[in-house]
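**Q** Here it is, the structure in full.
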Amino acid sequence: MEFSVQSSTIEQLQTECLIVGVYQDHQLSSAAVQLDQVSGGYLTRLLQMGDLDGSVGQSLLLHNVPNIKSARVLLVGCGKQDELTESQYKKIMQQMMHAINATAVQQAVCFLTELMVKQRTIYWNIRFAIESIQASRYVYDVFKSIKAKVVGKLTQIIFNVANQQDLLEAERGLKHAQAIASGMIYAKNMANCPPNICNPAYLAELAQGLATDYQQIQTRIVDEAEMATLGMNAYLAVSQGSHNPAFLSVIEYNHHPDPSAKPIVLVGKGLTFDAGGISLKPSDAMDEMKYDMGGAAAVYGTMKALAEMQLPLNVVGILAGCENMPDGNAYRPGDILTTMNGLTVEVLNTDAEGRLVLCDALTYVERFDPACVIDIATLTGACMVALGTHNSGLMSTHNELADELFTAASQANDKVWRLPLGEEYQEQLKSNFADLANIGGRFGGAITAGQFLSNFTQKYRWAHLDIAGTAWQSGVAKGATGRPVPLLAQFLINRAQQE
């Protein structure tokens with residue numbers, strides 16, 4: 001799909017379809033008002049007939065509107081004028097695509113980005129429009145013999161802005177939106193790939209591909225032999241039950257004006273399949289454990305978006321690839337592991353493996369002297385119980401960093417909710433035989449997992465995102481969501497603006 005922005009008036013435009021918004025109570029958007037005036041009150045008379053009441057999700061296709069050069073006009077319901085939310089706006093964009101795809105239209109000019117969405121600027125309206133449109137078009141049919149049919153003939157959408165002053169912000173929104181939408185697609189494709197294909201070596205291969213595609217990126221791969229030399233014994237213990245060796249992929253993006261500037265580090269949990277190990281998971285929905293590398297997929301997609309946006313930052317992305325399987329060589333409940341930073345961990349449950357992989361990865365990244373570290377992980381079902389599937393869990397030992405992430409999440413409409421950490425939760429991680437236990441009991445599971453990780457992040461500013469409830473959807477619409485790429489990309493955009 002080709003996207004562009006322009007600033008023109010309704011009467012000047014000659015395209016296959018104009019797209020304008022109509023609110024409830026017969027209220028017209030500003031573009032619809034212009035169209036109504038040019039057409040001699042055609043829209044006013046039409047609305048009085050009651051064929052469209054302006055509810056979110058409605059649409060009405062018109063042909064040969066008087067005094068309008070365009071062949072078609074699509075009216076899209078936008079709800080109540082002063083109450084339009086980001087979620088409703090995205091639904092409006094999806095309905096627009098559904099209606100257009102039912103026609104032979106190849107090019108359309110869209111005025112819906114003029115809508116007032118919680119006082120968002122044109123930048124955000126363009127961002128959300130493109131992200132929504134690309135999400136609505138996404139299909140993963142790589143392994144289907146019969147590919148999904150291309151729905152509709154639309155190949156170009158031109159977003160019209162109110163004036164020339166808005167064009168610069170609109171173009172910036174366009175650039176960022178296309179990069180972020182592309183990153184989300186990369187993340188979805190990685191996460192949706194089946195685990196017999198997408199193993200730790202596959203993650204490493206894709207990571208190396210970014211270095212081929214972008215001159216600002218260099219990638220190196222840490223294999224199991226190097227991990228053993230480094231003392232990454234917790235990471236290796238998780239991997240030892242699998243025939244697929246672990247690989248830690250290090251993606252370095254260097255584009256800061258000061259080459260010595262401290263990097264932002266993103267660490268993604270990359271369990272390409274998590275059977276639970278000896279503490280075997282129930283078979284019901286175990287297929288979805290291919291999504292246990294959603295954190296790595298998000299980091300991969302974010303690095304793609306970052307390279308497309310060419311932000312003036314230094315960023316390191318870590319894909320902590322591993323597989324957790326039951327086997328005669330698998331690690332056991334009762335094992336005591338010596339982590340890379342020297343702390344010992346008693347394994348009480350082999351299905352609490354993500355934190356064991358991450359604790360060594362979080363120690364590994366100390367070598368970068370990072371400005372901050374954010375780990376992203378489908379870490380706990382407990383986070384889903386606490387927050388559902390709408391908000392990712394946010395935990396941090398640094399309030400300023402947590403506030404930055406919360407702000408970026410709100411801006412990007414990629415929501416998070418902060419959960420506490422503290423010494424009270426550390427008590428739950430006590431072991432009779434080691435420095436730490438790898439689980440903290442029945443209560444507060446998402447928090448105790450974050451608390452466990454905090455023991456390995458003492459040398460830098462750190463935050464943890466638990467995306468177990470947001471990285472993928474189950475049911476009829478099963479598939480990866482691409483989250484939290486928008487949040488992470490926005491965090492990096494904000495950091496770049498501070499430089």
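In case you wondered, yes, glycine gets a Cβ from its N, Cα and C as well.
According to Swiss-Prot, the protein has these features:
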- K281: active site (ACT_SITE)
- R355: active site (ACT_SITE)
- K269, D274, D292, E353: Mn(2+) 2 binding site (BINDING)
- D274, D351, E353: Mn(2+) 1 binding site (BINDING)
**Q** With every protein chain in view, how many other Cβ atoms are within 10 Å of the Cβ of D351 (Mn(2+) 1 binding site)?
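**A** For D351 (Mn(2+) 1 binding site), the count of other Cβ atoms within 10 Å is 19.
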**Q** In the same chain, outside K269, D274, D292, E353, whose C-beta lies within 8 angstroms of the Cβ mean position for the Mn(2+) 2 site?
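**A** Along the chain, the qualifying residues are V238, L271, M289, M293, C322, N324, G354, V357, A377, T378, L379.
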**Q** Rounded to the nearest Å, what's the C-alpha distance separating D351 (Mn(2+) 1 binding site) and K281 (active site)? Just drop the number here, would you?
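**A** Their Cα atoms are separated by 8 Å.
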**Q** For K269 (Mn(2+) 2 binding site), what residues in its own chain, 6 or more apart in sequence, show a Cβ-Cβ distance under 8 Å?
**A** D292, M293, G294, G295, A296, A320, G354, V357, L358, D375, I376, A377, T378, L379
**Q** E353 (Mn(2+) 2 binding site) to K281 (active site): how many Å between their Cα atoms?
**A** 12
**Q** Enumerate same-chain residues with a sequence separation of six or more from K281 (active site) and a Cβ-Cβ distance below 8 A; give 'none' if the list is empty.
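**A** In sequence order, the residues whose Cβ lies under 8 Å from that of K281 (active site) (at least 6 apart) are D274, A275, M289, D351.
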**Q** With Cβ-Cβ distance below 8 Å and at least 6 positions apart along the chain, what are the contacts of R355 (active site)? List them in sequence order.
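**A** Listed in sequence order, they are L379, N438, A449, F452, L453.
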**Q** Just to be sure I understand the packing, how many Cβ atoms besides its own are within 10 Å of the Cβ of D274 (Mn(2+) 2 binding site)?
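**A** Summing over all protein chains shown, D274 (Mn(2+) 2 binding site) has 26 other Cβ atoms within 10 Å.
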**Q** Given the Mn(2+) 1 site residues D274, D351, E353, which other residues of that chain have a Cβ within 8 Å of the mean position of their Cβ atoms, reported in sequence order?
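**A** These residues sit around the Mn(2+) 1 site: V238, L271, A275, G276, G277, S279, K281, D292, N324, T350, A352, G354.
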**Q** Which number gives the other C-beta atoms within 10 angstroms of the C-beta of E353 (Mn(2+) 2 binding site), all protein chains shown included?
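**A** Here the count is 29.
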**Q** DSSP secondary structure for E353 (Mn(2+) 2 binding site), reduced to helix/strand/coil, please.
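**A** SS state of E353 (Mn(2+) 2 binding site) = coil.
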**Q** Tell me the Cβ neighbour count for D292 (Mn(2+) 2 binding site), meaning other Cβ atoms within 10 Å of its Cβ, over all protein chains shown.
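**A** The answer is 28.
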